[in-house]
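K.L.:
Here you go, one structure.
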């Protein structure tokens, strides 16, 4: 009897925490969110030069087997980036409507085409510009950089 009561209380607690959003079930977007963070978020730096791109692309494991042709690093706090997910939905390049846009500080890294993995070489361009990100989940989190 006491064991059944304990199970009931634990179930009630879990449902309450789920309702409050304190415990989140994983639907696969957690892995996509972590990948987005690894590939695109670097709030501590402003970037802007070729050396930065060469180092960060290697550190973030985007040069292991081939040189990723293009990547953007966002130099904003993750909460600022996540707030983009609360803006009006727009259409993504793939036709879905889970994209959102905002203006952020970025460094765009473009492969020079004259090197081979893992020693890839990049050209950097720092700017403040409009970006488009795809968001999923509840609460919504960025899972894909769309442009």
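Even glycines carry a Cβ here, placed using N, Cα and C.
Per Swiss-Prot, active site, proton acceptor is recorded for 40. The active site, proton donor annotation in Swiss-Prot covers 144 and rests on similarity to another entry. According to Swiss-Prot, the dUMP binding site annotation covers 35, 40, 68, 71, 72, 145. If you look up Swiss-Prot, you'll see 53-109, 67-120, 85-135, 92-99 marked as disulfide bond, on the strength of similarity to another entry. Feature annotation from Swiss-Prot assigns pyrrolidone carboxylic acid to 29; the stated evidence is similarity to another entry. What Swiss-Prot lists as signal peptide is 1-28, and the listing cites similarity to another entry.
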K.L.:
Compute the centroid of the Cβ atoms of 35, 40, 68, 71, 72, 145, then list the same-chain residues not in that set whose Cβ lies within 8 Å of it, in sequence order, for the dUMP site.
P.N.:
36, 39, 62, 73
K.L.:
If H, G and I count as helix, E and B as strand, and all else as coil, what does DSSP give for residue 99 (disulfide bond)?
P.N.:
strand
K.L.:
Which ones are near the residue listed as 'active site, proton donor': of the recorded positions 53, 67, 68, 135, which have a Cα within 10 Å?
P.N.:
135
K.L.:
Any idea which of the disulfide-bonded residues 53, 67, 135 has the thinnest Cβ neighbourhood at 10 Å?
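P.N.:
Comparing Cβ neighbour counts within 10 Å for the disulfide-bonded residues 53, 67, 135 gives 67.
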K.L.:
Quick one: pull the CA-CA distance for residue 35 (dUMP binding site) versus residue 29 (pyrrolidone carboxylic acid), whole Å only.
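P.N.:
A Cα-Cα distance of 10 Å.
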K.L.:
Identify, among the disulfide-bonded residues 85, 92, 99, 109, the residue whose Cβ has the fewest other Cβ atoms within 10 Å in this structure.
P.N.:
92
K.L.:
Tell me which of the recorded positions 29, 40, 92, 99, 120 ends up closest to residue 72 (dUMP binding site) in space, Cα to Cα.
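P.N.:
Closest by Cα: 40.
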